[in-house]
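Visitor: Pasting a structure below so you can have a look.
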Amino acid sequence: ALSMFGTTVGLYGIPWCKKSLLLTLLMSVIGASMGILDTGGNVLALNTWGAEAGPHMQALHFSFAVGAFVAPILAKMALGGSESKDFPVAEKTNQSVPRSVPTASAASAASALKRHLGADFLWSYVVIGTYLLFVSFFFFILYSKGSSARDKSKASLQKCMFAKYHYALIILLFIFFFCYVGAEVTYSSYIFTFAKVFAEMKENEAAALNSVFWGAFAACRGVAIFCAACLYPGTMILLSMAGSAVSSSCLAFFARYPASLWLGTALYGASMATIFPSGISWVEQYTVVQGKSASLFVIGAALGEMCIPAVVGYLQGRFRHVPVVMYAAVVTSAVTVVLFPLMYKLANSPGESDLKERSESEDRKALLSNSGLNEDEEDEEDAGEWNEADFEVIEMNDTLRNSVIETSRKITGDSPAKVSLQSRLDDVLRDSPVVAGGSPGRKNVNVDREKND
């Protein structure tokens, strides 16, 4: 909300600037506000939708692509009519006089053109600034009603764990976005001049080629909104890098042919479309992406947008017959192809928490296996003890039975009372809880002994 409000202030103030220093200050405010918006927008999308932020991230960056495609067309429509009507008047009045000597009619035409263009610019800045002010108020309202959501996001961030090589991943992704955004801005900035100088296209054809790049870029980001729901971010990055490598190689070696230039430009724009949002969604699967990390991504992208076009422009000026723009696209594609497998390997390396979980699970399995062995050993020992106890009880029963029988013989002789006493003794021994709780083998021994008796 604050970043969009700062952009609104800058847009309202630019048409009234009379000093270059004030204009520079306002443009700096707009640049800083847009940088904050890039950082906060990505983090806000990740905190709001979490693991399901892939399609929403693609939609967020699709809006940028649509603006980059539509804004130049609207500007040309707004300013093209005034140029065609007013400039021929000034040229006709200057046919019979030297160009260095201004005439009254030329001065009046120039002043009229200036007023007309100033009015158009004024209304365009006011309309866009008012729209951003409305969106800024909307975000302020959401912020005032979103305290519980912020608490939930903080709690979820506290539960998440950082990757083992968190800082290495952030630095490599910083370089990755540096190359990617630098290549994107470089190609879109110089393709118009390249088409005119190297491919010898007309001005309208070169402008159409630039529109093809941004049109394919926007269309592919629109399709990526639906593809992100069924494809992993890593898969989308691999497809994008493969397309950019093939198209940049085609442009570097066959750029002088118009058909190759048209096809390669469209494929290159489509390949570059999904890398930035997919990269942020991809790294969020392995580590926590907070404001500092996202700001480093945006800083890397901004540095690439600033440095790579400047270097390519300088080299292209020094080596006019070499397609430096296309070679820059090949080099940046090669760097991204090398960086992504390295980032993937670092992201999938086990962290400390994973190692702890593995060690705990192994210790738990070891304890369970040891306890199982101990239980089996204890069962075997108990069985041996019970068998020994069974035989001791059997021997005691035999001794008791023999002693009782001998006593009864001495007292009663071979009278019928002996048989009844023996049967009663057998019943008592059979109903004894110690004997009855013994093993089946012991019962069989008792039965055999009863038969023998």
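Keep in mind that glycine also has a Cβ here, set from the backbone N, Cα and C atoms.
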Visitor: Select from 199-217, 237-255 the stretch of residues annotated by TrEMBL as transmembrane segment.
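Guide: It is 237-255 that TrEMBL annotates as transmembrane segment.
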Visitor: Please tell me whether the transmembrane segment (237-255) and the transmembrane segment (20-47) touch - that is, whether there are at least 3 C-beta pairs under 8 Å between them, with each pair 6 or more apart in sequence.
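Guide: The answer is no, given that the two segments have fewer than 3 Cβ pairs within the 8 Å cut-off.
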Visitor: Who are the long-range neighbours of the transmembrane segment (165-192) in its own chain, taking Cβ under 8 Å and residues 6 or more past its ends?
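Guide: For the transmembrane segment (165-192), the nonlocal Cβ contacts are 206-207, 209-210, 213-214, 244, 265, 268, 272, 275-276, 279, 283, 286-288, 293, 296-297, 299-305, 307-309, 312-313, 316, 325, 328-329, 332-333, 335-336, 339-340, 342-343, 346-347, 349.
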Visitor: Which bits of the chain, at least 6 residues beyond where the transmembrane segment (122-144) starts or stops, bring a Cβ under 8 A of a Cβ in it?
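Guide: That would be 1-2, 4-5, 7-8, 11-12, 14-15, 75, 78.
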Visitor: Taking a Cβ cut-off under 8 Å, which residues six or more beyond the ends of the transmembrane segment (20-47) line up next to it in the same chain?
Guide: 2-7, 9-11, 13-14, 53, 56-57, 60, 153, 156-157, 280, 284, 289-291, 294-295, 297-298, 301-302
